[in-house]
């Protein structure tokens, strides 16, 4: 028996075997003003009456709908109503609002607004020296591309979807069954059953009768829950989610159905879920924004300095030179002020608008490479990898912590029946070589394998009643659905575990055949038997068990129950035996028990059950209390053991990621022993590790806290930058902690009702005294305790948190993000992992056996855990390196381009004149230098994918942020300054006192601009060539094509023909042909390019020969010295197995209503033994 959980004051501590509390008992939801309570309060105020009965719905009742409290109230353009109208708008734009609304949204971005301001400044003649089109062309290009993308996204629609939350009344199918697809709600493509209530199917056939029922819950965002009560003919009937077809569903395999709209418009559940999602940004994004701010500050300082220079120059030179007189009576200070804004325009390319567009293009390309990677394609399920976002790719190369679910993520979540214990006797020997022959059973599944022949012999002998009762329970106590499809019986289970158990019972001779509203039919050793179903007590994550109450053909009433050992043991009769099961094996266990019930006891209980099933307030809690009354004094029959094998490649993947200095934490709802055994199986835990459990952790933290309290207040309240280690001894450590201990350690409150009561009364819990070591004195001490726990856990090689709720999973991720400032990744496959996936910096969903909710909430998705290695070590690392190289070079080429204007200012009287031709400034970032650097950001590789996986240490620079930081930024800045100096002063010096071949001196401004521009184009394109590590034909073509485009466009816009057409726009007539036919100008270009590239070539040579940053020999030596894996020692500790339950409810409500199955045709039941197949779906912890 498990210990009782003690409170936080002086106790043995929490029970490792139980969940600490359900998800709705967390700090975030312990507020009396929560969403569940707020609507009723608001409605009471708006209608002026107490709405204790809930949300009232009546159809075709005009008098009811015209009541004053339901009328829309208008004040000018404002209106208010209790009920939403049927109209709903899901599109963002229409023909009239598209342009203004899209522009408004785009100009909310600081970069776009900045360039709009520049465009306005360029219209002012007294300020600008650049024509307006130099800014307008790039701005229009960026705005246009973004607008087209937004419009395409907004036009996507689907007319097949239901547009309201509808109560199904009847359908054309037998017994009002309706099939729906809910892929838009939860991502699952398998069909689900919905059904109309029995009373509406049989007796409610005319429209005027629809006004007779009216009560249901308030509108909310709970997609997995609906509570309603139908009042009709002085009787009440319960309504639940199985009667509802939600907005976003598609009706399938149903010709016609009738329903009543319950929620419409913004009140529908899917629209209530349309809240704001936290926008995830990468570290590079944040750093890039700060660098843009830094560039802007530098820009302002440069412009201010040049404006001051213009003021002094005009006072000393300009005002005294008669040939510079412009006829304007302006002071030197005012001219300097105008010069400041002129230089803001001239030097604006230091913050280029094309940067953001280029980054998005690179990210889109990286996402496509992930989608197209055949090595991450899972052929068995035809599932490719999918990048569901395009904004986080480079963050994949910086992961420091991975938080992983266990079931379905590390394991396959495909269950196999391995062992069972019946009345103390264990079956399932694994040392036998030949599997059991099931040819004697016509319903047997050929895929099912079992090695222990003694169990089959015991069943076929029919001498052991306990064994027969054991498998009878498995074939009766479940919520598996069965229907006939083309002479084939199809099973559909709420969890893989349940499907495996029913399949096992089928193979051993107890075959589930069919069920109706009130009966269930099975074949018991070729003898068909029908049992009357009196009640189904369904499973949920709090109960961790399910029961069924049956009336046998001889009139006996018996309850069958199956569930987790921790909850079953508490409900066993004192006379029950055989409680110890599978103590040291990595199996998922389930206890089976029964109870005989008298007719009087059942009748009394059935009345309570009826009342609870139609309760409008806390219906689930009321049902749980009624279930608890009947599920007591149970007699144990035995237990099952199901194996959930590891996925292929999990140990190798974890080992590789560990070598990349990525720490992996497993967060699971399974029992401690099962989680620990899986830890050993996947090599997350090794025998040389010292494992610390909740008691040890709590004691260490308590001692650290006590020492801190004993210190003087001033000293004790200061937090050390480098805290003392918790494990100073040499060796490797691991931490295994349960959800109960996690709450105890982190000071999480556990008594929800008491806290709510104190809050409502305006009181506070009594503050802990300094002597009370189990409670925090204040919030600072609670935070310090959390920091201590995170520091301790991060000192360990592995961390396993078991018996944790989905909310606790998210809280653990939040703690590491908050206190370690680390980049985190969460990976899971079930709905219970969604919170964790959304909380982490990057969420990865595995499309496994538990539906698609994790995938729908994730940033990246694939089918197997082993693909995570390639996602991080290959795609993540490449994306990070490419983005860093792109940003470094992009900043460099713009500094080199823009700062030439700065040096030219010293020779132009600080007059904000440009050093280049106007069209060169316009097209530099768009056509002349964008493609080569863009391709480096898309295609570059320092090593190929095989070496990236072979040497995981290559991943470390990304974690350290070593390739793009402020140091790299200032290196790019100084590199750009040096390049701009060379590009300006060498041609300037070459043009002084020179003479051409024809005796003329071509030392004019326009020829100088052409030489500087040509030198710049050659420099930046050859510079990116030196930076390119992975050459392809595309890269070579891009470099050559960029240079060719430059010369082609330059000769065109310098031609006489275009000057004749646009004389004021194209003023460099004949300059290119005249200047570039002079040999000494070509020599000047070559000299300029050579001097700018020479330092780069020398530095690269030194780094690759004398100071290598990545020494491959070192990594090869590390590979050779890799420790040999030690065998798993199962006898090292006593580890108990566990059963992980589905977080979703089963099909009990569907079955009990009698609407779950089609009426079976009168054809003979199929006999082939492989004619029954199962389709498991679950959301396991």
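Our numbering is plain: 1 for the first residue shown, then up by one each step along the chain.
Placed from the backbone N, Cα and C atoms, the Cβ positions cover glycine too.
In TrEMBL this protein carries:
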ACT_SITE  405  active site, 4-aspartylphosphate intermediate
BINDING   405, 407, 829, 833  Mg(2+) binding site
COMPBIAS  14-34  compositional bias 'Acidic residues'
COMPBIAS  35-46  compositional bias 'Basic and acidic residues'
DOMAIN    72-136  domain 'P-type ATPase N-terminal'
TRANSMEM  290-314  transmembrane segment
TRANSMEM  334-359  transmembrane segment
TRANSMEM  886-907  transmembrane segment
TRANSMEM  919-939  transmembrane segment
TRANSMEM  969-993  transmembrane segment
TRANSMEM  1005-1024  transmembrane segment
TRANSMEM  1036-1062  transmembrane segment
TRANSMEM  1082-1103  transmembrane segment
Here the 10 Å Cβ neighbour count for residue 405 (active site, 4-aspartylphosphate intermediate) comes out at 31
*Given pairs 6 or more apart, does the transmembrane segment (334-359) have at least three Cβ pairs under 8 Å with the transmembrane segment (919-939)?*
yes
Tell me whether the transmembrane segment (919-939) sits in contact with the transmembrane segment (1036-1062), defined here as at least 3 Cβ pairs under 8 Å among residues 6 or more apart in sequence.
yes
Tell me if the transmembrane segment (1036-1062) touches the transmembrane segment (969-993). I count contact as 3 or more CB pairs below 8 A, with pairs 6 or more residues apart.
no
Rounded to a whole number of Å, the separation of the Cα atoms of residue 829 (Mg(2+) binding site) and residue 405 (active site, 4-aspartylphosphate intermediate) comes to 8
Cα of residue 833 (Mg(2+) binding site) to Cα of the residue listed as 'active site, 4-aspartylphosphate intermediate', in Å and rounded, measures 7
The answer for the transmembrane segment (1005-1024), taking Cβ pairs under 8 Å and residues 6+ beyond its ends, is 889, 892-893, 896-897, 900, 915-917, 920, 928-929, 932-933, 936, 979, 983-984, 986-988, 990-991, 1039, 1042-1043, 1046, 1050, 1068, 1071-1072, 1074-1076, 1081, 1084-1085, 1088-1089, 1092-1093, 1096
Neighbouring CB atoms within 10 angstroms of the CB of residue 829 (Mg(2+) binding site), all protein chains considered, total 35
